[in-house]
Structures are given as C-alpha cells and as structure tokens.
C-alpha cells in the first residue's frame, strides 16, 4: 500500500468501438449507430466479474490513466487513482473508461460528421440525458461481454451516471461509487450552467452551432463558460490560498490588463479549454446536468427511485466542495437509507473544492482503496501480474 | 415605530451639482470639473449637523427614496429604509444621495460627452477608486456646506466608501455605517468581476468601449455580466426557495429555450439591466471594487488604516450573504477593535443572500433605527415636521 507499490498503467492505446444497435434517446430521436472511444486497463478475469466502469465528468474523456506516448507531458485525467497498486487497482480490476456519446474526443458527438449530410452534426445532434449515457454504456458492456460491473465509479456528472446505472439496470452493477455528486442540480447550479450556455449561444462566432462550416469556433463564449465553471470548481479559501488578492503589479495599471493572479489563471484556463473542447459538446453536457433528476419519475421521491437498486453504494463528498456540497451527498445517502439500501458514506476533509475529487488526498484514496479491496475479494478479482 | 408611522418622502426631484474644483485621481489624471446628480430628503438643521450621506453600490444611483412622478411604478432603491419615521428618518436627518462620479445616471461618467472631443468619453474616462469617490463626495459636502456628516451609510461597494471616508477624512464623519461589505475582495470576488468584464470586453459590439459611436450597445456582454452578478447576490437556499429546480415545462424541450424558472429570471434581469446601465460604467465599478484595499498603504495591516479613524462604527452583516459573508465583516470589526475604535456589530439572520441589505428585514431595520436614534440625539437633529 505504500507509494512505492503504486505504478502506472504505462503506454495505453485508445480503441474505437462501433455500436450498431439502434439507441433510442430520451428526446424521442434515435441513433442507428454510434461510436465510442474507450481505453481499458488491467485484465478481464475468466469469470468476467472484475470489470470497473469509469464515468467521466463534464469535460473528461476516455483517457483516464497512463500515457499515449512516452513523451506525453501529462497522463490521463485520473492517473493518480487508476493503476497497479492504486485505489482502482489494475492488478485486480479490468478498468474501462470511455468518452461519452456526445463528447468531442472521438466518440460520436456534435463535431462528428453526419454521414447523411457530410457535415458535422452541430446543433442537429440530439441533446442527451444521463439515462441515454447509461443506455449507451450498457451497449458497450454488451460488446465487451460484461454482464455485470463489479463497480461503476464516477465523480460529479460521473457520479450521476453511477446513480442512474443503479436505478435503471440494477442487475448489472454490483457496486455504485458516487463521488462529489448531487441528486439533482440546485437552482444556483442551473444558473451557472445557463450563463455558460448563454455565453456560447450569444457569441457571434457560434453561428447557431454551425461554426464548423464557417471555419471558426466561438472561442470567446467557450472561454467565458470555462471561466465560470472554474469558479465553481474551487473553494473561496482555495482561491485565496492559491492566488491571494494581491496585485501582480506594484501599482494598479488602471486599465483592463491582467493585474491579479486569479485573472491570469482564469484567462489561461479559458484559453486552454478553447483549444481542446467543442462548444456544442459543452452545451450538451451542461444540459444533461440540468436534466438529471432520477426522482422526477417517482413523484420527486428519490427513495422510491433508489428502491429499485440492488448495488451496494459508496458515497463520497468533500468538505470544501460548494458546487455539490456534502449536504447534497447526504440527500443521496438519506434516500438510500430510507430505501433500505446498503450505503457507506465518507466526507473527506479537503481544501480545494469540487476539484478535490480528482486529487490524491490520502483519506479519500484510502476510502476508495479499502472499499474496492472488499469488492475485489467478493468478485474474485485477479490478483497478480496483469496480462 | 409601527409601520403606520412610516411615510414616504413623496415626490422628489434630482439636482445637478457642478463641481468646478479640479479633482486629482488615484490614476494620476485629473478632472477639471465634474457634475454629480443628487437627491436630498429632509431638512438640514441650523447647526448643519444632521446630514447623512448615502453611498450606493455597484448599480445604484441618486434616486434612493420617493418617486419622481406620481405615476412611477417603483420608488427609489432604498425607499423602505429612508423616509419619515423610517430607520433613516427624514424627520430627523437631512439625507443626501448621489450618483457617483463615473456613473451612468447623469453624473459625469464614460457616457458623458467629453467637451474636448464632442463625443462620449467611453474608454477614455479614467478608472476610479473608492478613494476618488470619497474625494468627489467631500467636494459635494463642501458645496452643500456640510463640514461633518452625522453619518455616512452604505451597503456592499457603498460600505467600502464608508470605510474610506472614515480613514481619509476622519474629522468629517461622525458615524460610519458599513453594511454587507468586506475589507477587500477575495480572489473569488475578483474572479466573478473579471468574468463579467471579459463578457463585456469580448462582445464585438463593445468596440473597445466606443460603442456609442457605432449606435450599438454590448448588450450580450452586459447581460452576461449582470447574470453573473445576480448569482452572487442570492444565496443558494434563496434560489432554491424562489425558483426550485423544477422544469417550467411538463417535459424537457431538448433545446436551449427557457426551461427552468431560474433561467427565466436571469434572462429577464440581464435584459432589463441592458436597458438601464452603461457597459463602461459597469467595467469601472467592478474595477473600483477590485482595487479597494485600504490596508495596502499600511503594510496590509487594516488595523493601522483604522487607527486614523475617529468615527463610531456600526458594521452589519447578513447570515446568508456569501458574496461578502459575515466572516468578512468580522475582519473589519476585528481590525477596528485592534485599533481601539468604537464599533457595534450585528449579524442579521437572513435568507436571501447579499441582496438582503436592500430588504426591510425587521431585525436589520431595528438595528439601523436604534443606532441612528442615538446619532440623532447626539447631533441635535431636527425632530418634527420637515420643511
């Protein structure tokens, strides 16, 4: 369990999976086929019982661990948690990460060329729900020959997919690990998303979502959207500790140049995001967040939604998270308890805010590790040298 | 003290005050003259000792109480607090409200025509600091023959002006009433302001601030800026109570139309703001907020800044305010105590958030009323029928 025992999954290659089965979506439309980019780490055991699905958050993708090339500066987005000897231990589990349908990292989404028109789908790509993602991920599981996940794991929007898995396909998920999530967005959460959307939609270079045809991207709007998001990912205290509120310059410039460290940080984050993310996918992701409300079909009684579940739950919240605070996780836990389900709950002492779900906080990783060791024992996961 | 005893100041008329004294600004530039729009309520007593200055917040102006015409739908922005028998009692005090320099309601500001060029100043109007406003307001006091304010009162950015008055002109302010303020912005506060500014600056219709010449306004950017501000004015709980997170429509529309109540509210607020506010003034106001830091000239020791003050202080915070939380007000109070100053402090139980400083919360108004009754007694304020 020491750091010395932890390793990297090393060089990994993404795979493209074509799903030919028609997918009926919540919006009423259907996709006759779709493609998903995935990565897998570790080895599926003979019983096919040790598979773990990683669901990503708003801007995540299938590259969750390891490196694509030896020269890569950064590993996958959850490399600190996934690997040999790590909390999601690839010596024990066969880990599957995907880029969700609607994404912009290779899976079918708004920036994909529509075979019918020969142009990117753009705004004609259907808006999706968390339920749609679960349906798509279930088709992926079928393709991989995984009848039942040992665990489905996700933080933030990823945690919402985990809950929906447990509700919609109770026989196909043994353990649901829901991290830094909420049972539905608050009005404030929706407000932040709406402003981000308006920033994109009102950018003249958005062109109603057909910006691909104009050879431009709505960079101003997408940059603003990302900056707004970043405020909600960090706690007030973390921003203070990280940036202070001191001027970067000795005397005020009395213009709108960058003067404060936090301005510099936000502009950098916003600009970097424009270079790697699609505006239509951003809109789609925020809308999926807003729509998520598994209790809606059960008379707004979350415990009735959870009464259908069969998984054991681990719910993890972070003390400094104000986007999806521990109070929101307690709503999930209370509904699970009311539904008579088996649930463990941990609140991790943290500083950074919502982004802590991506951080290697020892208490957090210990909670995941210990929970998953029990899962590993129960499903007879492979222990030893990966293939 | 019952509601029945409270009245309106009735129909009021704004006055234009021309300040011919050159005003040297913190940025190094100076204005040879400037004009301020003001309103006054109540009567200045013979000793000229009962004057109260109202400092406005980011989007406020000189119309603080009463009506301009009998047909007005809404009174001034703080009408619930200013009037005969109200907490800021116009039977006792001569109340002065102004539109700050740099504003857009008639006082000299970016939308004013520069006599030299014959065109609006636009981005050539100097950026201002809270200290500049205090200097301008002191010139106004000179013009009105007010050597010393019985009290200077303000919420949010207004409260910052109050603190600066007490520090910069200690002999001219008897009581400093600082409401829902902070001793400096946090990194998170600055981040919100920066995103609002970027929304305006990146709007193609901003035209580098010269939008007046193009017959347009940067409505998209200003609307986004206001929407971002609104999130910080309301508590998460208040937004939940006010809007819930229920869909306005029976089934999701799967497009970007308004679907949630909070979206409808934000778009309405944003649109209404575009019709009444100037984008350059908005930029200027947010920058003044970011620059405010009275401790900067005192080695970041706020207690040394406050050691110069002679006023008695009343500091009021609101429990649900997360923009300038009670913790920020406590920083002010602690520094005042450390400086050996006379300070009263009240935290008002509230629900709405930062906007509560504008609300007629009984506990809040009782605190103001009782404090100001003592002030009234001490300065020998007129009691009885106003002129």
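Yeah, the Cβs are placed from backbone N, Cα and C, and that goes for glycine too.
Per TrEMBL, the feature active site, nucleophile maps to B:156. Of all Cβ atoms in the protein chains displayed, 26 besides its own lie within 10 Å of the Cβ of residue B:156 (active site, nucleophile). Reduced to three states, the DSSP call for residue B:156 (active site, nucleophile) is coil.
Cβ neighbour count for residue B:321 (active site) (all protein chains, 10 Å cutoff from its Cβ): 29. Residues annotated as active site in TrEMBL: B:321 (among others).
The DSSP secondary structure for residue B:354 (active site) is helix. Every protein chain shown contributes to the tally, and the Cβ of residue B:354 (active site) ends up with 25 other Cβ atoms within 10 Å. Summarising the annotation, TrEMBL assigns active site to B:354 (among others).
Taken from TrEMBL, the feature substrate binding site applies to B:226, B:355.
If you take every residue in the domain 'AB hydrolase-1' (B:50-356) and average the pLDDT, you get 96. For B:50-356, the entry in TrEMBL reads domain 'AB hydrolase-1'.
Residues or ranges marked as site 'Important for acyl-CoA specificity' by TrEMBL: B:323. Residue B:323 (site 'Important for acyl-CoA specificity') carries neither a helix nor a strand DSSP state and counts as coil. Sequence-distant neighbours of residue B:323 (site 'Important for acyl-CoA specificity'): residues of the same chain at least 6 apart with a C-beta under 8 Å from its C-beta are B:156, B:180, B:189, B:232, B:233, B:353, B:354.
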Query raised in the report: Long-range same-chain neighbours of residue B:355 (substrate binding site), Cβ under 8 Å, sequence gap at least 6?
Result: B:233, B:234
Query raised in the report: Can you tell me how far the Cα of residue B:321 (active site) sits from the Cα of residue B:226 (substrate binding site), in Å?
Result: 18
Report summary line: Within the same chain, the residues at least 6 apart in sequence whose Cβ is under 8 angstroms from that of residue B:226 (substrate binding site) are B:196, B:269, B:270, B:273, B:274, B:277
